[in-house]
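Right, one structure below, let's go through it.
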Amino acid sequence: MKLKPIEVAEILQKEIANINCLSELEEVGQVITVGDGIAQIYGLANVKSGEVVEFKSGVKGLVLNLENDSVGAVIMGDDNQVQQGDNVKRTKEVLEVPVGKALLGRVVDALGNPIDGKGDIASKEYRHIEMKAPGIIERTSVSEPVQTGIKAIDSLIPIGRGQRELIIGDRQTGKTAIAVDTIINQKQAHSLTNESDKIYCIYVAIGQKRSSVAQIVKKLEDAGAMDYTLIVSATASEAAALQFIAPYSACSMGEYFRDNGMHALIIYDDLSKHAVAYRQISLLLRRPPGREAYPGDVFYLHSRLLERAAKMSEAKGSGSLTALPIIETQAGDVSAYIPTNVISITDGQIFLESELFYKGVRPAVNVGISVSRVGSAAQIKAMKQVAGSVKLELAQFRELESFSQFGSDLDPATKAQIDHGKRLVEILKQAQYHPFPVEEQIVSIYVGTKKYLNDVPIQKVKEFEDKMLTEIRLNKKDILESIKNEQRITEETEQKLKAFLENFVKKFVK
């Protein structure tokens, strides 16, 4: 059989056309050393800082150090699966996490993978974990309140949407309790249909015990608060790299709400452990240590995170992201490195004192050194009307109280002021997991400031408050409704309230 040259050419052309020549170029390096969650890699010449690399076992790493002859990466997972000599691939991607409403009600790890056993998360959108904070023009001033449901905070240290308010105190003083109460208190707004009233909550557990996180999840489920809450967990047993990236991942999840005209609240519990995780990574990467062995950029670590909380302008959809970072102090030392850093970044702080806590003043807020630098603009008028003088009265009471320890015979005016102060302290006490609606808080504080409690024995103040609120809910609901709707105490409402209280005090004292 004789083949014609033209036929041969046609066959060859067909075969060439069918050849799949889509070859992929991969940049591959090798692990030189591995240990303590850090891998030194040789051969990735074009890798970028912050890029994700993939090890042979499928474990991911995050490049943080670019050196002359090698690259330092933190391993996001089990470093036992990475061995010396393993190949490492560039992915040419930066870290991304799933965002959106599909995450609500779920517990995820620092990379956004579900860890609650409820199946996959059907999220359509992903965001980078490191996003630039909004610029000056894109923001507007804080003007709407975030109601925590805690009398001592909503009246004296008000928090606004888009604010960053630090909760600081020793261990076991009730820092997490304030945060959890604030989440539970948003349930009331979520029962309404108006989207602008709702605040979606994100709780980030950094370096905590797994049992503590499980307890918080259970508490939120029991209170029906998980429907609008997302929990990001990077517990103490997880890699330092995951504890380091958890707040940034959670912040990106919160920014989804902020940038889509909704409102979100994010709680970082706590940034002391976050700084410790970052210090561990930095020292293992052989970066030079500074004060308290923290690296030089530990301020930037927290500032770039907290600057992402903002109240957006109308042109940008008027959304907001409010941040409540938590810092744990050692023996009340607020002047340590990390506490002073975070105090200077935030818009105020709620300082919790162990001494007050042990005295039974709970929440143990030290009103003297707690401030809210921007929140008063967000406080509703009714609260301003009743709470304006409370801070001063409490400060005077503390001063007179310490003074009265030395002098036994006090003049009647001083004694009356001390008694009034003690009753104010009592009225600001509150049980855990029992947030109050703002209109009920206003009535309670009105009772305290207008001296209706003068005839009530101090040990019966809580009983008086409980009975008074029960009575007003049942028989004088119009007073509460008026305060809630008008957002101020009108003359008519005040007359009704005065008449009700005078009557109630007489009955109670009898």
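Keep in mind that glycine also has a Cβ here, set from the backbone N, Cα and C atoms.
Summarising the annotation, Swiss-Prot assigns ATP binding site to G169, D170, R171, Q172, T173, G174, K175, T176 and lists sequence analysis as the type of evidence. Per Swiss-Prot, site 'Required for activity' is recorded for S370.
Structural mapping of features recorded in Swiss-Prot.
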residue	record	CB count, 10 Å
G169	ATP binding site	27
D170	ATP binding site	18
R171	ATP binding site	11
Q172	ATP binding site	12
T173	ATP binding site	26
G174	ATP binding site	20
K175	ATP binding site	26
T176	ATP binding site	20
S370	site 'Required for activity'	22
Extra residues within 8 Å (Cβ to Cβ centroid of G169, D170, R171, Q172, T173, G174, K175, T176), ATP: E328, L352, S354, F357, A364
C-alpha spacing of S370 (site 'Required for activity') relative to R171 (ATP binding site), in angstrom: 17
Secondary structure at G174 (ATP binding site), reduced by DSSP to three states: coil
C-alpha spacing of S370 (site 'Required for activity') relative to T176 (ATP binding site), in angstrom: 17
